[in-house]
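Student: Here's the feature list from TrEMBL:
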DOMAIN    91-366  domain 'NADH:quinone oxidoreductase/Mrp antiporter transmembrane'
TRANSMEM  7-24  transmembrane segment
TRANSMEM  44-62  transmembrane segment
TRANSMEM  74-92  transmembrane segment
TRANSMEM  98-114  transmembrane segment
TRANSMEM  126-145  transmembrane segment
TRANSMEM  198-218  transmembrane segment
TRANSMEM  224-245  transmembrane segment
TRANSMEM  291-316  transmembrane segment
TRANSMEM  337-359  transmembrane segment
TRANSMEM  379-404  transmembrane segment
TRANSMEM  465-481  transmembrane segment
TRANSMEM  581-603  transmembrane segment
Amino acid sequence: MSGNFHLYLPLLASLLGVLLYPILPLRVNTPFWTVQFDVDSLSLYYSIIVTCVSLCVSVYTVKYGEEYKKKVYIFPITSLFILSMLLTIFSYNSLTFLFFWELMSLFSFILVIAEENVKVERAGFLYFFMTHIGTAFILISFMLLYFKSGSFDFYYYRGKADSLILTLALLGFSIKAGLFPFHVWLPHAHPVAPSHVSALMSAVMLKVAVYGMLRFILEFAHEQHVFLALLFVICGGVSAIYGSLYMLGERDIKKMLAYSSIENIGLIGVAIGIAQWALKGNHTAVFQYAMTFILLHSLMHALIKSGLFMGAGLLLKYTHERCLDRMGGLSKSSPSLFLLMLLYSASISALPLSGIFLSELFLYKTLIDSVATKENMSFLLTLLVPVVAISGVFVVFSSVKFLGLVFLGKNRGAGMRVKPSSLEVVSLAIPVVLSLAIGLDPFVYYNLLSKLFALTVGPLDYRPVELIPLSVFTVFVLYILSKGAGERTYETWLCGLEEENPKAQATVLSLTYSTRRVFSMFFRTLSEISFEEDVKKYFRKRLKFREESEDLVEATVYEPLGRFVLRTADSIRTVLQSGNLNHYIAFIFLTLVLNILLFMFLLGVK
């Protein structure tokens, strides 16, 4: 252990986070500001999510991290990243919150660019740029709260956030959470980061942003606004369908999981919008169901997505391949990894017995009860039911695609010569076991919610643990009936070819072609076919097909906007950097006057 002590640093940071609970609340006076930490039901719940996932990922990192022997700095930075997320949640004044929020962004940025190449640097810059735009909106909202309350402490912000402050804050947190149309950084940042970092960012860091939204909505908001609720419902619905559709067509395993995160954040966004609308209209039952979904899905998605990224990390580590089309037959190489990824795929697909099935049950209950109110937004919420259902179908399709291409069929070149270690398998198993435990017997979780948040959700008559004896008996009967059936073996149909070619198997393109064609308006693809000229027209010896797809929103909105900003910045630079000293003095004076006027406006001085 002495030689590999750095591998244990994330685990120590996670355990240190557990030790923070007994010393809270904590107030520390510094020469700059008073650092204030406190814990309430909301911060306690989300800190539990951070701690649980961080512990699982940290145990996984002990063996997985051996891949990064030449980049030892990754592990202390990961430790600081974990602590900064916890301290952001426990922060109870705006300066402390912004300080640790910025540290969280900085440490995650350093981890994203760990691989040090052009593609990684581009992804890191995009993430850094987007996260600081979000931080700017959050900073302005806290400044306005300070001018209204005269304090930096959260205790004085209750009921002080008007529509402008609430809009700015929710906009900033939405960018960090990756809600549509601010999702563009996720498919770039998650794939290039080390897999344990991707697990923490997708499973936990996005939930810190959700925590910030809930803090403003439930505590700081003076009143709820229908237009904000409407925006969240629309953006969340589009995010869910958009993320699941791109997840379906993606070949890069980690990029596919990044789009899955966009889909799940979209579902949470829908529920946040409905919760705001329910608070405004005093629909208590709808609000309670929406909040139950938000809280439960935050936990379930954190557990399942961390496991999926850890599993993807093991596939990358032992096959040195990230493209689904080049894998295959890995169930024979590592049956334990196949079984765990099967459970994770079933869970993310919201199949019965999984925790996500339980959480989405609450989402459908929320939507149905919202429609039953027959108010103005009921028609829109009616449309959301098929949207959520279709996104769920795409996720199931994506899971089937993933399992079929990676673990079934024959190996297409990216083999797994070494099996994952026992520690990696155990750490990978813990999150899905926790998720299944809650899914099988949710009443323990209901009791926790009722104690923490006074949420009293109606009975759903759903307790699958009671069906276990019947399920075991059914499986036993099916086993007995199938025992006498003989195994039949046939040679593979080669479609007229003379020899079997493992590469002539299903690919992402062939599996998803019909769906992608129906929804072609949402994709932007470039296809290219090249082959050697020979006599045989139908059985050519060498043929290459290449297809690249890009995010439609990124290609049509962000890239043109980026080019416009660069051109504008170039034009401004030629004016500002004129080389004339008098111009520079005038610019400084003008900036000072504008800042004084802005300060007087914010203070209400006439």
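Cβ coordinates are placed from backbone N, Cα and C, and glycine is handled just like the others.
On this model, are these features tucked inside or out on the surface, and what's nearby?
Tutor: Non-local neighbours of the transmembrane segment (7-24) in the same chain are 1, 37-39, 44, 47, 50-51, 54-55, 57-59, 61-62, 65-66, 75-76, 78-80, 82-83, 86-87, 90, 196; each lies 6+ residues outside the stretch with a CB under 8 Å from one of its CB atoms.
Long-range neighbours of the transmembrane segment (44-62) within the same chain, counting only residues 6 or more positions beyond its ends whose Cβ lies under 8 Å from a Cβ of the stretch, are 4, 7-8, 10-11, 13-15, 17-18, 21, 75, 78, 82, 85-86, 89-90, 196, 199-200, 203-204, 207-208, 210-211, 295, 298-299, 302-303, 306-307, 310, 313, 423-424, 426-428, 430-431, 434, 452-453.
Long-range Cβ contacts of the transmembrane segment (224-245) within its own chain (Cβ-Cβ under 8 Å, at least 6 residues beyond either end) map to 163, 166-167, 170, 174, 179-181, 183, 217, 259-274, 276-277, 279-280, 376-377, 380-381, 383-384, 387-388, 390-392, 394-395, 398, 519, 522, 553.
With a cut-off of 8 Å between Cβ atoms, the residues of this chain six or more beyond the transmembrane segment (337-359) that come close are 260, 293, 296-297, 299-301, 303-305, 307-308, 311, 314-315, 330-331, 392, 395-396, 399-400, 402-403, 406-407, 419-420, 425, 428-429, 432, 434-436, 438-440, 442, 462, 464.
Same-chain residues lying 6+ beyond the ends of the transmembrane segment (465-481) with a Cβ under 8 Å from its Cβ atoms: 440-441.
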Student: What parts of the chain pack near the transmembrane segment (379-404), using Cβ distances under 8 Å and only residues at least 6 beyond its ends?
Tutor: 230, 233-234, 237, 240-241, 243-245, 247-248, 253, 256, 260, 263, 266-267, 270, 274, 324, 341-342, 345-346, 348-351, 360, 363-364, 367-368, 370-371, 506, 508, 511-512, 515
Student: Considering only the recorded stretches 74-92, 98-114, 126-145, 198-218, 581-603, state which has the highest number of Cβ pairs under 8 Å to the transmembrane segment (291-316).
Tutor: 198-218
